[in-house]
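Lifted from TrEMBL, the feature list:
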TRANSMEM  6-25  transmembrane segment
DOMAIN    27-493  domain 'Citrate transporter-like'
TRANSMEM  37-53  transmembrane segment
TRANSMEM  65-82  transmembrane segment
TRANSMEM  180-204  transmembrane segment
REGION    277-314  region 'Disordered'
COMPBIAS  278-295  compositional bias 'Polar residues'
TRANSMEM  352-385  transmembrane segment
TRANSMEM  397-416  transmembrane segment
TRANSMEM  437-463  transmembrane segment
TRANSMEM  483-507  transmembrane segment
TRANSMEM  527-545  transmembrane segment
Amino acid sequence: MVTAAAAKVVLGSIAFGIFWILAVFPAVPFLPIGRTAGSLLGAMLMVIFRVIPPEEAYDAIDLPIIGLLFGTMVVSVFLEQADMFKHLGKLLSWKSRGGRDLLLRVCLVSSVSSSLFTNDTSCVVLTEFILKLARQNNLPPQPFLLALASSSNIGSAATPIGNPQNLVIAVQSGIPFGKFLVGLFPAVLVGSLLNAAILLFYFWKILSVEKDEEVASTVGEMVAEDDMILHRFSPATMSHLPSLHSQPFGSTLPSLSGKFGSVSSVRGRAKSVDVDVQTPSSSGIESLRTSNVSKETAELAGTSQREKGVASKRVPKTYSYQSRSLRGESSVLSLDSEENVVERWKSMLWKACVYLVALGMLVSLLMGLNMSWAAIAAALALVVLDFKDACPCLEKVSYSLLIFFCGMFITMDGFNKTGIPCALWDFVEPYSCIDRASGIALLALVILLLSNVASNVPTVLLLGGRIAASAALISPEEETRAWLMLAWVSTVAGNLSLLGSAANLIVCEQARRVQYFAYNLSFFSHLRFGLPSTLVVTGIGLLLVRSY
């Protein structure tokens with residue numbers, strides 16, 4: 001293909017160069033505006049320089065990819081709220097047998113979670129937990145952080161929803177979810193095992209036997225402590241107990257004793273008068289006196305009987321008040337316990353629904369349904385099931401990433417219109433046919449270098465269609481295999497350097513900002529492990545990529 005006019009080539013190259021600099025170095029001193037604004041700036045320059053017309057710029061945005069990204073992000077947010085990643089974290093510390101065992105578990109959990117919930121999501125959620133786990137067990141954080149980043153990248157290659165470049169490949173190639181998974185699963189499985197073996201080889205001495213025993217004991221203590229915290233009684237359940245001590249027991253008993261005291265004194269007085277009345281006398285005066293006294297005694301006795309009646313009426317009232325108070329307190333406590341049980345069952349039911357919807361989305365993808373609409377439908381189903389205002393949930397979606405993709409689509413389309421990518425591919429194509437081992441090696445090397453220089457998603461956008469068209473001349477099976485090889489190499493290429501993948505940068509930045517457990521994963525410490533691991537895993541994995 002002949003390149004476009006010289007002015008268009010120069011201006012398009014300038015716009016692409018600005019986009020590339022800000023995408024690779026988002027905090028460059030002369031323009032520290034970040035990746036998202038950099039992609040929008042590159043897209044705007046493509047339009048201003050008339051490299052691409054405004055109408056075609058809108059058409060360059062791949063809406064199915066944006067919809068798939070949005071849907072998977074929303075589903076990941078709800079899975080995080082349903083404690084999915086918390087359960088994954090517990091798997092890392094459950095009955096651990098030492099530092100090497102922890103390292104293998106990190107590799108396994110990272111690979112599985114990234115294939116289902118994207119590598120970026122797994123790194124965001126698990127970085128802080130893994131860092132604290134290493135620090136609490138007196139282990140160096142470096143091997144565990146490298147295991148998280150590298151295993152997340154390798155595991156994400158298994159499915160179209162594992163990383164952004166796989167989304168682009170799946171949409172542009174039309175490869176079904178199941179065929180994508182079957183074609184790359186052997187390479188992902190062997191690559192994950194090789195990556196874990198290289199990690200153990202590099203850090204075997206650091207993860208020594210003595211520290212293994214220490215880790216096993218401390219991890220068990222930590223899990224036990226976490227269980228105690230999770231099952232600790234809430235002070236709210238004890239909120240009604242103080243009222244039992246402040247209610248009428250202390251105030252009513254004195255009044256009751258006062259009443260009983262007055263009744264007993266009247267009863268004593270009447271008793272003493274009766275004794276006097278029963279004393280015999282011999283004179284009439286005495287009998288008259290006795291008759292008068294007997295009247296007073298009768299009056300006193302009547303008074304005492306009335307007071308007894310009043311007291312007998314008051315006492316049951318007081319005790320009935322006490323019994324009603326106790327019954328009220330017990331009923332409030334029982335209501336609280338019933339409410340806790342109801343809330344617990346509601347929470348369990350909601351989490352089960354979230355897992356079922358996520359599983360239904362995966363089944364829909366395996367059945368070959370439209371991936372973007374399946375993800376959006378799952379996201380909206382979860383929003384409806386949540387039955388609350390969706391704004392707090394939708395605010396957690398990375399809209400900056402969606403905007404970055406929109407700007408990048410426009411920038412890549414404009415750069416393709418300059419003719420430079422086609423000219424470069426025309427030069428390399430005769431030597432990179434995928435039906436020869438030398439051609440596969442050269443193609444993999446080009447993808448590795450471009451993925452670390454221009455990032456993996458722009459590399460897929462630049463080379464995807466051309467590699468597939470060249471392979472289609474051989475056979476349709478080779479075309480599918482070419483797409484899968486591009487997905488494998490562009491994904492594993494992220495392990496080569498710290499700048500090769502967004503997941504690497506997420507792990508590095510998250511680890512650097514964790515309070516009390518901060519760790520700085522440097523560029524060269526990552527490169528010492530990333531270079532040999534990437535070359536070995538990529539080479540052996542390419543032998544296992546098949547188009548069934």
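If you go along the chain as it appears here, the first residue is 1 and each next one adds 1.
The backbone N, Cα and C atoms fix where each Cβ goes, and this holds for glycine too.
If you take every residue in the domain 'Citrate transporter-like' (27-493) and average the pLDDT, you get 76. A contact between the transmembrane segment (37-53) and the transmembrane segment (397-416) is present, since 3 or more of their C-beta pairs, 6 or more residues apart, lie under 8 Å. With respect to Cβ pairs under 8 Å, the transmembrane segment (6-25) is most closely packed against 397-416, considering the stretches 65-82, 352-385, 397-416, 483-507, 527-545. Beyond its flanks by at least six residues, the transmembrane segment (483-507) meets 24, 114, 119-120, 122-124, 127, 145, 148-150, 152-154, 156-157, 162-163, 165-166, 169, 173, 175, 180, 183-184, 187, 191, 195, 434, 440, 443-444, 447-448, 451-452, 455-456, 459-460, 463-464, 467-468, 521-523, 526-527, 530-531, 533-534, 537-538, 541-542, 545-547 of its own chain at Cβ-Cβ distances under 8 Å. Counted as Cβ pairs under 8 Å, contacts with the transmembrane segment (397-416) are highest for 65-82 among 65-82, 352-385, 527-545.
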